[in-house]
Amino acid sequence: MAVPTELDGGSVKETAAEEESRVLAPGAAPFGNFPHYSRFHPPEQRLRLLPPELLRQLFPESPENGPILGLDVGCNSGDLSVALYKHFLSLPDGETCSDASREFRLLCCDIDPVLVKRAEKECPFPDALTFITLDFMNQRTRKVLLSSFLSQFGRSVFDIGFCMSITMWIHLNHGDHGLWEFLAHLSSLCHYLLVEPQPWKCYRAAARRLRKLGLHDFDHFHSLAIRGDMPNQIVQILTQDHGMELICCFGNTSWDRSLLLFRAKQTIETHPIPESLIEKGKEKNRLSFQKQ
């Protein structure tokens with residue numbers, strides 16, 4: 001975490017070299033709460049795979065029915081959250097205020113209060129993006145904070161959830177059952193889920209670098225039974241255990257992470273897959289759909 005170190009009652013900031021060392025050493029932040037995460041995983045790599053019109057196609061009746069409500073779990077310092085917001089609303093670079101908040105509202109949460117504070121300070125769309133400090137695995141706090149946000153719009157669930165490179169950190173810190181519960185909570189909270197799972201090689205790298213830094217190893221790493229092809233493992237858990245269906249794979253980022261879109265099966269009648277989106281996938285030969 002990018003938290004100042006207290007020495008002799010004073011606050012001493014990390015030097016640029018120290019901070020850069022921590023940024024480039026995954027495992028230094030055991031919850032994935034790296035400072036300046038976007039330096040080595042820039043938002044543009046995800047955006048190039050995602051159709052800008054995706055939300056309009058999934059929710060053609062908004063904003064007549066109120067804004068689209070999104071949940072971004074593990075938002076870090078908000079760079080990707082802001083980039084997704086601008087991308088899906090086709091907002092030009094440099095725009096800092098917009099009436100688009102009537103179309104799309106995004107609740108962004110992270111376990112690290114320092115990163116959340118930075119996100120709040122730097123967000124160019126404070127009316128549309130809300131940042132909160134939340135340990136998503138704390139059931140009581142999660143229920144209170146998420147329900148408070150949803151109640152403002154008379155809703156009980158989010159339209160879409162974003163889970164971008166978070167599953168590994170939940171898995172390493174909470175074990176197999178923790179990952180299963182995390183995905184259960186997310187699937188119960190959202191009509192759609194966009195998930196970017198980390199592959200197993202990232203688990204090994206995170207554990208190795210943690211040991212290299214002389215820090216305590218992840219409690220669950222060696223006992224995990226869910227391992228191997230992690231994107232497929234995530235698909236199996238969500239589709240077989242949590243009532244979701246995989247409707248789209250948008251391809252892989254340059255760091256070999258797939259972007260997977262799921263839909264809750266109980267929303268099939270109210271949220272049919274847009275034919276235009278299916279055709280676009282066929283034309284570009286990079287989107288795959290499974291229709292029940």
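The backbone N, Cα and C atoms fix where each Cβ goes, glycine too.
What Swiss-Prot records for Arg46, Asn76, Asp110, Asp135, Phe136, Met164 is S-adenosyl-L-methionine binding site, and it gives experimental evidence as the kind of evidence. Reduced to three states, the DSSP call for Asn76 (S-adenosyl-L-methionine binding site) is coil.
The domain 'Bin3-type SAM' annotation in Swiss-Prot covers 53-274.
Taken from Swiss-Prot, the feature region 'Disordered' applies to 1-21.
On the 0 to 100 pLDDT scale, the domain 'Bin3-type SAM' (53-274) averages 93 in this prediction. Most buried of the binding-site residues Asp110, Asp135, judged by other Cβ atoms within 10 Å, is Asp110. Met164 (S-adenosyl-L-methionine binding site): 22 other CB atoms within 10 A of its CB, across all protein chains.
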